[in-house]
Structure formats: C-alpha cells, structure tokens
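First the structure, in the form of structure tokens, and then the observations on it.
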Amino acid sequence: MKIAIIGSGYVGLVSGACFADFGHNVVCVDKDPAKIEALTAGRMPIFEPGLDTLVADNVRQGRLSFTTDLAAGVADADAVFIAVGTPSRRGDGFADLSFVFQAARDIAQALTRFTVVVTKSTVPVGTGDEVERIIRESRPAAEVAVVSNPEFLREGAAIADFKRPDRIVIGAEEARAAEVISELYRPLYLNQAPILVTSRRTAELTKYAANAFLATKITFINEMADLCEQVGADVQQVARGIGLDNRIGPKFLHAGPGYGGSCFPKDTLALVKTAQDAGSPVRLVETVVAVNDSRKRAMARKVILACGGSVRGKRIAVLGLTFKPNTDDMRDAPSLAIIAGLQDAGARVVAYDPEGMEQARPLLSGVEYAEDPYSCAEKADALVIVTEWNAFRALDLARLRAVMAAPVLVDLRNVYGAAEATRHGFHYLGVGGRRELPVAPQAVPAADAIDA
Ligand code: UDX
C-alpha cells in the first residue's frame, strides 16, 4: 500500500520507517528542507537506537523516500498520516493544533481519490472532527475518511514498540476506513497484536487516558517513596509487593525524580484542559501534574540535604541529563529543574550525559560539561545520578570516590543500593529507601587508606 506521512519528527519518522519495513511504499514529508536533505543523505535528526539502519535499509530497497513536496506525496496515497507536532500552547497549556490544521488544509488540496487521513499525533478529543470539517470545507467533493490511530511508542524503544505493540487502536467512523488502516498493520497479525476498532473520539481519548494513567502510576509510587523514607520502609520492595498483583502489574513502578519527556507532561496538561472545558474535570490528573512539578525541584533539596544542608560554593556532579536513557531528548527533563535548584542554592554544577549534552546546552546556563563520568566526579562534593543510562550502572565506585572531594552519592534512580555504595565508602541517598540522616561531607582519605 502507499502511505504518505506528514511531519518527519519523532513519531512520523519511526512510523514511516517501520511501515516501509513492513513492505509498504512510504513517502515522509516535511516542510523543513534541511531536515529532508539530511534524511535523504542518511543523517537522522533525532537519536533513536536502530533508526538509522532501518531508514538506510528501506531507502536502499526503494520503499522509503523523503520530500518537501506534500502534494506529490499525498496524490496517490491510500493513507496519509498527520504526524506533525502538537506542542503545549504558551499560556493555557492546551495542545497547539495549528500544525495539524495546516496539514489538513494542505492535504485537502492534494487529494486525488479515496484516501484515509489519519491523525497519529496525540490530539485532543474532537480534533478528528475538525480535521474532517477543514478537508470537506476546502474540497467538498473529496473522497476522504478521517481516522484516529494514536501511537503509543516510547522513545528509546520506539522501533520495538512499533513492531510489537500491546495493541493498535483505530478510531474510525466508517468501516472501509478502518479496513484500510487494519491492512497497513497486517504484518503485525503474526504477533497477534489486538486491533481495537472504536469511534474516532474514543480512540483520541484512549491515548490521553493511557498516558495520564501511566503518569499517575509513576506519581503514586513516587509519593510512596517519600512516605517510605519517613517511616523506614523500602519503596522497591513495596513496588514489587504491589506489582505482583496482576491487577496492578509490575511496570511503571520505579520511583525516581518525577516523569518528564515530550509526552507525559504535555498530554496530562492537555487532558486536564479538555476535561475542564467539557465540564468534567479530572481532579486526580490535576493533582498528578502538580505533584510531579513540585517533585523535580524537591530533588534539588534532597541533594542539598545529602550535602549537610548547604551546597553554597560546592561542586555538584550530575550524571544524566535527558529525561530518560537512550534518547537525546531534554524536553521537560527533571535534570533542568534539579540543576536550576542547585544553582539557585549556590552550587557549581558539572554534568555528563552520553547523548544529551548538545540538546542541554541551550537550556542550561552556567553548567560545566565533562567528557565522562569520572572526569565529571573530579573534586565534586556530591555525585547525583539523575538518568539511569546503562553506562552508569557499572561505574567503578572506588575510582569515583577516589577522585571526589567528598564521598556523597545521591542516586535518584536507585541504580545502586545503600549496601554497595557504603561498601565503597560513600554516604548514599537513594529514593524511597530507609531515611538516611543528613551527612556531613568528609574529605576523601588517601587512596591507600581506602584499600585498607
Ligand atoms: C511515553 C509513553 O510510555 C508512550 O506510550 C507514549 O506514546 C509517549 O509517552 P516516553 O515519553 O518515551 O513514552 O517515555 P517513558 O518510558 O514512558 O517514560 C516517561 C517518563 O517517566 C520518563 O521521565 C521516565 O524516567 C519516567 N518513569 C517511567 C519513571 O520515573 N518511572 C517508571 O517506572 C517509568
């Protein structure tokens, strides 16, 4: 089948490459000529494991191409996916749909035969109705169906998620449109991914409900972590203890510095606005948004506490800047609020991230960047793990301790345990563990004293 994807950002590019890999003929469209030129030359605008080779393979096989010419891409397509950005609108937090509606107008002009127009971007309930209205208004005779097919992929695991989804949701108002989209996913029938055909509005809301639920799950365990610290319990064991209940499930119960990224913060906020406008406020989600916002800053206070109550004039080493591992995405990353909090309290921050430093530079000021975890830790008064990159899972703790000015390890992702860190002479503070007393930072003894 022939597919055009409008918007070669994260979702558009991954979906385009994966559909091409299924054997479909895919044209990815973007209005940014520099992006299209880079993609045609095999350079990826984003970091996503496996994407470059998947794109290169499918370009070579002639199934995937890139263009700025929307009309040419749309003209003979069976399905046109709208995968443009829906950022939070400044001021009111509602999703900014101007790119979606512009795409709808452009697509309308280019239609030549029955085409299914699909919203893949996360869009508020009712957007599909508006897209259909825009298309019919500009081309009353167009043979078109507008469908919602939300994407549930995670950054860093996007290709695997696309190819082995838990489910596919197709929100369509007419059967023939649902059939076209089901057909696109036929290769997944082998994996027995359930296909859920719903009304358009139901599909749109399902996406928001999924993200809001996951954000709630994380926020719930984060609050349990705080409580654990106060009452002397261990949140990792609590998470295991509740997660083994099939009704709860073990995933998304890792306590940490709060959720970030391109989806959860934006989508929870958009759902809150939609629900308020509909006269049916989602108070639980409103609270999740507020709790998560304040949590990021609270993590800076945790570091200050670990440093004996003050970081003024101290050198704080931060490992991990991106909102999660395996991405270079800095959008709404907890590190931004944590670093700002530390700087406000007078700390000098030195940071290292395997992929995120380039994206971080324009967002942070006064931060020194290191080349690896060990040079980052040099002369530091505390080391803070903010993102659980694999590269931080097997650090040589003795070596780190030897180069630091004071042996304080604040592990906001519970990568290490208190026992292991303490064995190497660290004062350790994780998330949701036994409450540690504030420690007085101490000078590191000479290396031979550590070995003894
Ligand atoms: C999310 C959804 O998972 C995906 O289905 C949707 O399409 C887009 O939004 P993504 O933003 O890529 O995907 O990241 P995800 O892996 O879900 O993590 C989101 C945030 O939650 C990260 O900051 C992560 O560190 C945090 N998180 C996740 C936790 O703090 N604890 C957890 O147990 C899980």
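A Cβ is built for glycine as well, from the same backbone N, Cα and C atoms used for every other residue.
TrEMBL annotations: computationally assigned, not manually curated.
The feature NAD(+) binding site is assigned by TrEMBL to Asp30, Lys35, Thr86, Thr122, Glu155, Lys266, Arg331. DSSP gives Glu155 (NAD(+) binding site) a coil state; it is part of no helix or strand.
Within 10 Å of the C-beta atom of Arg154 (substrate binding site) sit 14 other C-beta atoms, taking all shown protein chains into account. Residues annotated as substrate binding site in TrEMBL: Phe152, Leu153, Arg154, Glu155, Lys207, Phe252, Leu253, His254, Ala255, Gly256, Gly260, Lys324.
Around Cys263 (active site, nucleophile), taking its Cβ as the centre, 25 other Cβ atoms fall within 10 Å, counting all chains. DSSP assigns Cys263 (active site, nucleophile) to coil, not to a helix or a strand. Per TrEMBL, the feature active site, nucleophile maps to Cys263.
Here TrEMBL flags 317-418 as domain 'UDP-glucose/GDP-mannose dehydrogenase C-terminal'. Under DSSP, residues within the domain 'UDP-glucose/GDP-mannose dehydrogenase C-terminal' (317-418) fall into helix, strand and coil as 34 helix, 19 strand, 49 coil.
The Cβ neighbour count for Lys266 (NAD(+) binding site), using a 10 Å radius over every protein chain in view, is 21. Within the set of recorded positions Lys35, Phe152, Arg154, Glu155, Gly260, Cys263, Phe152, Arg154, Glu155, Gly260, Cys263 have a CB atom less than 6 Å from some atom of ligand 1. Of all residue pairs in Phe152, Leu153, Arg154, Glu155, Lys207, Phe252, Leu253, His254, Ala255, Gly256, Gly260, Lys324, the annotated binders of substrate, the farthest apart have Cα atoms separated by 24 Å. For Glu155 (NAD(+) binding site), the nearest neighbour among the recorded positions Leu253, Ala255, Cys263, judged by Cα separation, is Cys263. The candidate set comprises the binding-site residues Lys35, Thr86, Phe152, Leu253. Of these, Thr86 has the most other Cβ atoms within 10 Å. Leu253 (substrate binding site) has Cys263 as its nearest neighbour among the recorded positions Asp30, Thr86, Cys263, Lys266, Arg331, going by CA to CA distance.
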